Amino acid sequence: MFTILSRAIGFLLIIYLGYFLKQRKVFKHEDGAKLSTLLMNVTLPCSILASAAPIPFSFDLFLPFMMGIVGNLILDGFGYYFEKSHQPFKKGIALIQNSGFNIGTFVIPFVIAFFPSKYMMTVLLFDTGNSIMCIRGNYLLAERIIQGKQKQSIKAILKKIVASIPLCTYLMTLTVSLLQIQVPHLFLNIVSIAGNANPFIAMLMIGVLVDFHIDRQDVRLLVKRLLQRFVLMGLLAGFVYFTFPISLVARQMLVLCLLAPISTLGPVYALQLGSTRSESANLNSLSIFISLLMLTFLSMCFA
């Protein structure tokens, strides 16, 4: 329990550090884009490579994987639908900034602290589907909304997918894992040096982008978006828990995954799509508070 709280508090302190350094003029708001470039091209790929491990394949593992994709698509749809503005740009940003699940730096520490290691498989498979959407899928959907319904060739879409260093790294790592190939420990030790910095860079970036000077209208919007996300995911988690034909342990782990904070890639892609507002970073940091309370309570109930 102490490990979980200290890690979550550590995340929040790093976010505040980024904000504090911005207030002290060490960082500018625009530096968030530079940190996101470092995250996407160095620390995130190294973090993915460092997690490579053989995965035994069975059909029962397919359901958690699909839930990682479906959960993202549902959030994408609601983000788009509940954006009142009819401007494609605002709808695209609303989609990207509330999508995805922060599994690697948030849910996995909960599982490690509260549950046996054998419970981890469901979480990792959910994160596999989630990562495919977070790393590129959600971005391509938002980009298409913003650019309009212009036709894109399969070649153009594939080119955008291949251009994503994290996604290519993830697909390569997944292939190696499914083929039961053991990656040399020397290689894992080297890439883990940069990979271990990924949570720090992600939270620092959010701190640089976040803005605690929020007017009343923006507060209402943030509360509305967070309520939409967590009520929706709470209902989906309840549906999964009471109806899915899988083991109780797997259902419990899926509930924790569905109530995870917003992916740290949301603010990154919002920047890349042209957003200059701090709403994405504010949503992300506030979602950590809510998930911390919910996951702590549920982990104590499930353990």
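Glycine too: its Cβ is placed from the backbone N, Cα and C atoms.
Automated prediction, rather than curation, is the source of TrEMBL annotations.
These figures come from a predicted structure and were not determined experimentally.
Pulled from TrEMBL, these are the features on record:
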type	residues	note
TRANSMEM	6-21	transmembrane segment
TRANSMEM	33-55	transmembrane segment
TRANSMEM	61-82	transmembrane segment
TRANSMEM	94-115	transmembrane segment
TRANSMEM	121-141	transmembrane segment
TRANSMEM	161-181	transmembrane segment
TRANSMEM	187-214	transmembrane segment
TRANSMEM	226-244	transmembrane segment
TRANSMEM	250-271	transmembrane segment
TRANSMEM	283-302	transmembrane segment
Segment-segment contact (the transmembrane segment (250-271); the transmembrane segment (33-55)) at 3 or more Cβ pairs under 8 Å: yes
Remote residues contacting the transmembrane segment (61-82) - C-beta distance under 8 A, at least 6 residues beyond either end: 55, 91-92, 94-101, 121-123, 125-134, 137-138, 141-142, 145, 224-225, 228-229, 232-233, 236, 240, 244, 246, 250, 253-254, 257-258
Annotated stretches the transmembrane segment (283-302) and the transmembrane segment (121-141) touching (3 or more Cβ pairs under 8 Å): no
Cβ contacts under 8 Å made by the transmembrane segment (33-55) with residues that lie 6+ beyond its boundaries: 61, 104, 121, 124-125, 131, 165-166, 169-170, 173, 176-178, 180-183, 187-188, 191-198, 201-202, 204-205, 208, 264-265, 267-268, 271-272
Stretch among 94-115, 121-141, 161-181, 187-214, 226-244 sharing the most Cβ pairs under 8 Å with the transmembrane segment (6-21): 187-214
